[in-house]
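Sharing a structure below in structure tokens format, with a few things to ask.
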Amino acid sequence: MIQKDEQEQRQQCKITKRSQIIDEVKQKKTEVIDKDLLKFKQLFDERNYEEALLEIEEKIKQNELLKENKKNNDELLMHKSIVLIQLDKYDEFLECINQAITLNPKNEKLLYHKGITLVKLDQYQQAFQCFDEAIKINPDNQASLIYLGITLEGIYNYNGAYKCYNEAQKYDQNFQLLNILKEVIGRKYDEAIELCDKPFSNTDLDKFAYTTKGRALLMKLRYEEVIKICDKVIQIDETLAEAYDIKASLLRPEEAIQQCQKAIQLDSKNYVPYSTIAGALIQLRREEEAIEYCEMSLKINPRGDIALGNKGIALFDLNRFEEAVECFDQALSIRQNHPIINLLMGTALAENNINGRMKRPLRLLTNQFHQSQIIIKHFIKKEGGFVEAIVSLNKALKLNSNVFSIWNSKGRLLLNMNRYEEAILCFKTLFQLNSNDNVAIEQIRETLESLNRIEEAIAFISQAVINNPQSHVSKFQMAKTLLRIGSFEEALIFSQQALSMQPQNQQYLQLYCKVVFMQQLSKGCLEKNEQGN
């Protein structure tokens, strides 16, 4: 489910889509010099993959019949596996590449090729084994070091990944790419954006830089720039599914579905757009369709925590509570040490005896590294559950302290525990992450007012108005505070400004009417008192 005002919550995992780097750091393709394979090479270069597959299979059969001058079967199988990847036949690819590795277990190219594909399939543990073995065979293979770093990121070993990128920088190639990877892993998004703006030596790296910049801008809540950068990369390569995926995360549900369908047409084996569509369908209240798309995603990647989460919320909305709980539990079991999972744990698991009564319903928007949406609606147990929740949220913040939703959840929990000062600090951190955020402004005002710290509340909202004079929310909040302390003239000014900016907003209209009424009532009382005197 996609909610535009919560985009920052969806970027809890890797900011770059790692599979996109595959064509950018890979080793040079093995040149097919053998005359018998020239036809295969020509078909492959022409992207006639079905014919190329038939050609290489015929060559493999012919080679098996030869008694002498046989070619290396492992090399032929590698050529076949490359074609299978282009045809999105991943199961057949793995069977083929494993046959080749069995024939020649010391062939680093085979291990590297298999590892790259496993990264695309998010099978990071197996990919790690491939790259680790390839590096043992050839310690000077920079590409394997880079991909070893990527696989370590996939299992959340960020320190190990950083060391791999550092080690890879000892070689002369891909230096700028490695700097970008290092900045992203350190969550230094401004620095990553700056590096992405520098020109690259080839178009593939330009595409990687643009999409990485797009995700970094998304983390910085610079949404208009995200759309522009996606449009730019689509102009370079209209077949790049990644660009459509990023763009979809910022659009209305109907538009997001269209963008994701384009991404699916370009790469039907990418499970992410399916779960993104599911999230959009949930927002449109089309839960049954959402479940179907979640199952499509899970068919490709059975361990997709995003799809499981979206399926859970769709089931929940259909009042199929027990099935929803099973989905939530599966999602949590997959990402135990990830900030998202700690966030979900911090807001508590759904209870097994759900009967429709909620202590505090929450919709939390999150994202896996390939950037789509998990939305979980669940419950918080009062009292005992809060302490455990705070512990889990603190773990999440230790993993990533720049996540808006974690600070928001922690602040709300602290309010329920009457720990107001700590709650205010959490909400002020929200405000620091995005000084124009409406949620942070309202939370801080309400908390300060509940403590009768009115002057502090007014000072805070005044600063918010200065920071963003076009924020109708800040002016609305200011009017509410001024009304509370009886400053009707000033309250009228701010309520008028908020209403003029959002004339269809019923809350603003109601507040304006209330201020006018209270102002007239106050004037009447004053006149009556003056007459009495």
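Along the chain as shown, residues are numbered 1 onward.
Just so it is clear, glycine is given a Cβ too, placed from its N, Cα and C backbone atoms.
The following feature annotations were taken from TrEMBL:
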- 46-73: coiled coil (COILED)
- 74-107: repeat 'TPR' (REPEAT)
- 108-141: repeat 'TPR' (REPEAT)
- 305-338: repeat 'TPR' (REPEAT)
- 404-437: repeat 'TPR' (REPEAT)
- 472-505: repeat 'TPR' (REPEAT)
Which sequence-distant residues neighbour the repeat 'TPR' (472-505)? Criterion: at least 6 residues beyond either end, Cβ under 8 Å.
438, 441-442, 445, 449, 454, 457-458, 461-462, 464-465, 511-512, 514-516, 518-519, 522
With helix taken as DSSP H, G or I, strand as E or B and everything else coil, how many residues of the repeat 'TPR' (472-505) land in each class?
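Secondary-structure composition of the repeat 'TPR' (472-505): 27 helix, 0 strand, 7 coil.
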When the repeat 'TPR' (404-437) is classified with DSSP, how many of its residues are helical, how many are strand and how many are coil?
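Helix, strand, coil within the repeat 'TPR' (404-437): 27 helix, 0 strand, 7 coil.
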